[in-house]
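In what follows, a single structure is set out as structure tokens and then discussed.
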Amino acid sequence: KKNDYPVDTAKRNCMLDCNVWDDEGYCDNFCKGRKAESGYCYKLKAACYCYGLPDDSPTKTSGRCNPNV
């Protein structure tokens, strides 16, 4: 298992945005939907961060986000 920023798809490599003021469990629910233990909205990046993701779950790599893929 790993702790990391989930991405929508591995090809796009875009982190999942979240509202830092009104999270309402959005990231936690998203992460649990990806079979992680939990998740939260990391305020400095305004992106979801997951704890305990399966090793094969797509996460942010060093490349740029490519929303047009």
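Heads up, the Cβ atoms here are built off N, Cα and C, so glycines get one too.
Here is what Swiss-Prot says about this protein:
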- 2-66: domain 'LCN-type CS-alpha/beta' (DOMAIN)
- Cys14-Cys65: disulfide bond (DISULFID)
- Cys18-Cys41: disulfide bond (DISULFID)
- Cys27-Cys48: disulfide bond (DISULFID)
- Cys31-Cys50: disulfide bond (DISULFID)
Residue distribution over DSSP helix, strand and coil in the domain 'LCN-type CS-alpha/beta' (2-66):
8 helix, 20 strand, 37 coil
Taking the disulfide-bonded residues one at a time (Cys18, Cys48, Cys65), which has its Cβ surrounded by the most other Cβ atoms within 10 Å?
Cys48
Of Cys14, Cys27, Cys31, Cys41, Cys50, which of the disulfide-bonded residues has the most Cβ neighbours inside 10 Å?
Cys50
Alpha-carbon distance [Cys50 (disulfide bond); Cys65 (disulfide bond)] in Å:
18
Roughly how many Å lie between the Cα atoms of Cys41 (disulfide bond) and Cys48 (disulfide bond), rounded to a whole value?
5
Could you round the CA separation between Cys27 (disulfide bond) and Cys14 (disulfide bond) to a whole angstrom and send it over?
15
